[in-house]
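Remarks on the structure that follows.
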Ligand code: HEC
């Protein structure tokens, strides 16, 4: 701003103290590229708010119209597809940005005294962001949205004593329907933004009271100091511009998934969740029966509580990560488990090469024996038997299929699927085809 204009306003509004508070905040040790993730997260939140407002102009939160209104946004609204793309990829970017922000805080020991409350507020903000993701996922009201949300709510239902009540509160009744959709919509666009804005304000207020943590050195006295402007502002702006560009490129080049319109009676649909919930989806596959509550709520609750109270669990005042082997090892172990599960999940989703000739032969066997009379794949076929669109993902076990086709009742008691007298070659090819069906979207 030209200095004369600035002076004109400053004489009337007394701006200099405001400028000092906003831009002259001292950073111990000086500006750094590693401190940008908080600002990036804040920027992405503002982008989500702006794109969300425009989407709300056209979106209709009812089961009759939600799906059509999304299609309308995609096809008819000027730049509607682009705004929806920004909002979709922006959500993923926000999860990554907040994850990196927490990782940096963890690595630098920046959660230690006197910044415990800022960390705890941060964990709350992270949980609010994940709730944004969960509630937003239902809004397109397609098959994936509907059945993934069903799975999520069922998991809440496994919590003892209050589970039933909680899942009914989430659904607004006994079944997932119109009330659930308006409830998720109102939460997504009214309740959560209000809570998140309050939380961000508090997070930043605390930051300004205690000041940024700076580097992890013990010798704080010898640290030089640098104001937030101009270098840190510049670094933040550069990374924000890069992130926006990446999100915009994704929005332009990757078509967004939209499966069939939600069909509450098609219980055979197997949903695949967003990538940031995939590690958890993978974990759920390993626990069954009496162990199920362990994965559905005990483990998540423990992880959240440990995260929340972490500054009081790790009481070692040293901040240099090399001299905090236990904290560093626990952090690494946590990341290893999460990314290990995510990796396995992605590997299962994309495993079988689609050019495998056995898969093509198996597809022919599938057609020859009229499997489509009962089963559906990518929306084609009957609906009396389970949808097989992602059967290779939900049943990755080759031996199971080899046993199943000649005698379905031997592995699925009570199944009315007929026995199929297949040759060994046909059996193998058909199984290869089944195992190749791992993707919710056809390509
Ligand atoms: C008459 C209807 C019918 C036909 C025809 C039929 N199935 Fe099935 N199939 C079923 C039913 C019903 C089940 C599920 C039984 C259950 O859930 O207990 C099933 C289960 C399956 C499953 C396991 C799905 C899961 O839940 O993981 C696979 C895989 C499968 N069928 C493949 C095939 C293939 C391949 C063919 C053609 C060779 C075929 N089916 C023909 C009715 C049929």
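Here the Cβ of each residue, glycine as well, is placed from N, Cα and C on the backbone.
Owing to the predicted nature of the structure, the values given are computational and were not obtained by experimental measurement.
Look at TrEMBL and you will find 5-216 tagged as domain 'Cytochrome b/b6 N-terminal region profile'.
The transmembrane segment annotation in TrEMBL covers 33-59 (among others).
Annotation comment: TrEMBL describes 89-110 (among others) as transmembrane segment.
The transmembrane segment annotation in TrEMBL covers 117-139 (among others).
Annotation source TrEMBL lists transmembrane segment at 185-207 (among others).
Per-residue confidence over the domain 'Cytochrome b/b6 C-terminal region profile' (218-326) averages out at a pLDDT of 89. Among the features that TrEMBL reports, domain 'Cytochrome b/b6 C-terminal region profile' is placed at 218-326.
If you look up TrEMBL, you'll see 233-256 (among others) marked as transmembrane segment.
Residues annotated as transmembrane segment in TrEMBL: 294-313 (among others). Note on the transmembrane segment (294-313): residues 111-113, 115-116, 119-120, 123-124, 127, 155-156, 158-159, 163, 280, 283-284, 286-287, 334 of its chain, located 6 or more positions outside it, place their CB under 8 angstroms from a CB of the stretch.
According to TrEMBL, the transmembrane segment annotation covers 325-346 (among others).
For 357-438, the entry in TrEMBL reads domain 'Cytochrome c'.
Within the chain, the transmembrane segment (233-256) has long-range Cβ neighbours (under 8 A, six or more residues past its boundaries) at 23, 31-33, 35-36, 39-40, 43-44, 47, 74, 81-82, 84-86, 88-90, 93, 97. Counting residue by residue with DSSP, the domain 'Cytochrome c' (357-438) contains 43 helix, 4 strand, 35 coil.
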